[in-house]
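These features come from TrEMBL:
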- 30-50: transmembrane segment (TRANSMEM)
- 71-92: transmembrane segment (TRANSMEM)
- 98-119: transmembrane segment (TRANSMEM)
- 126-145: transmembrane segment (TRANSMEM)
- 208-231: transmembrane segment (TRANSMEM)
Amino acid sequence: MENSTPLVKQLLVTVLSEKCYREFFVNFNFLNVMCLKILLSKILGYAIIGGSLMVKVPQVMKIWTNESAQGVNFVSILTDLYAISAATSYSFVRSFPFSAYGEGLFLGVQTLMIAMLVLKYNVNSAISVIFTSMYAVAIYVLVTMTPVQTLWSMQATSVPVLFAGKLMQARTNYVNSGTGQLSAATCTMLLFGSLARVFTSIQETGDSIIIVTYLLATLGNAIIVGQFIYYRKPTPAPKKKKEGKKVQ
């Protein structure tokens, strides 16, 4: 690998760092613990980004096909959107590795779609369009005009806001004695994604605010997934065929 093309080497250095590139492909030391952690973190990071392309699609499709957002707490969706936007904007401006936050781009778009559908079915289409336009302007301002200290403050406030939003959704489920139009697949994938992000955030950013955000997101997601299990309807027993004669 020492004689590899400059493009391949540059790609590997970008992913692994110069030191780990030399450890793996020059010294052939594949047991370096620090570099193995970095490699695992990168693999997890890009796997999360790949999974994020579809993670909320089941939720979007469930609302869309049923033409109903019953049981979906809009305030919880807003807090989720706020937390995603704050974390992604902060990470982008801080120039963190894309593998550490890239899924935020796709989760943001999908969460926005869910918010649009909730407004469409619970309010009207005009409000949905206005909300989407305002959000697009807000994102532009965040990534181009907002000081990094302000973004840090937003990221810090998003920690309790995100957790409160998860608890609001959990309360809605409790009051309704069910999970309504929530998608079990989406909530389960979010749980495992946020759990993996705790590890990658420790390895790639070391930013305590980011780490705490994903810890609380994991806890909130675990509560909601637990409700899917708790409120799961038992499979009805198959009906017995009626016999020709009644037993006396």
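Note: Cβ is positioned from N, Cα and C throughout, glycine not excepted.
Values in this document were obtained by computation on a predicted structure and should not be read as measured data.
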Interface-richest range of 71-92, 98-119, 126-145, 208-231 toward the transmembrane segment (30-50), CB pairs under 8 Å: 98-119
Same-chain residues near the transmembrane segment (208-231), Cβ under 8 Å, at least 6 residues beyond its ends: 83, 87, 90-91, 152, 155-156, 158-160, 162-163, 165-167, 169-170, 173-174, 177-179, 182, 184, 187-188, 190-191, 194-195, 197-198, 201-202
